[in-house]
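Peer 1: Among the features that TrEMBL reports, transmembrane segment is placed at 6-28, 49-72, 78-99, 111-131, 137-157.
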């Protein structure tokens, strides 16, 4: 079982490393998101580059990247320790993809996919806090940052055995939003509904 647990964790990283944002833009001949807009291969930048439909497809794929390895792990009944590792490595793959010179997205949608499989309550809290923040202030990045700080508290309440991986994932999300935090501080961040 340890062998399969390790395999699933490795699979999670490699699946996470498949950047839907970059591949979809390449296939549909949109600009490379790494060189356009915020230069982030994530859904918010894709929204600016290619529009809502393409951005939604990127979000769905990124969610599945987090959910599929976790579902597989649950099906094979691997231990919570390895499930936690699988969750972290899914997000690491998305953020630091081996197939794209370790330059990836910020992991929000992939983290959502992971949390959905851990506990539906966590995914509800995540999407609610993100949506409330974005609707209140207009910044997708601020929604992600606020949610990253909140979600470990709920993980402790709903699924305490996954608190550590949730803290790790949340920390990674905040780290990946470092440039956004600086822009927010200097009032230079772009609101989600602006091009």
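Here the Cβ of each residue, glycine as well, is placed from N, Cα and C on the backbone.
Source: prediction; values computed, not measured.
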Peer 1: Should anything in the same chain at least six residues away from the transmembrane segment (6-28) have a Cβ under 8 Å from its Cβ atoms, list it; otherwise answer none.
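Peer 2: The answer is 34, 41-43, 45-46, 49-50, 54, 57-58, 61-62, 65-66, 68-70, 72-73, 76, 78, 82, 85-87, 89-95, 97-100, 104-105, 110.
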Peer 1: For the transmembrane segment (137-157), what are the same-chain contacts with Cβ under 8 Å, counting residues 6+ beyond its ends?
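Peer 2: For the transmembrane segment (137-157), the list is 44, 106, 108, 115, 118-119, 121-122, 125-126, 129-131, 163, 166-167, 170-171, 173-174, 177, 180-181, 183-184, 189, 191-193.
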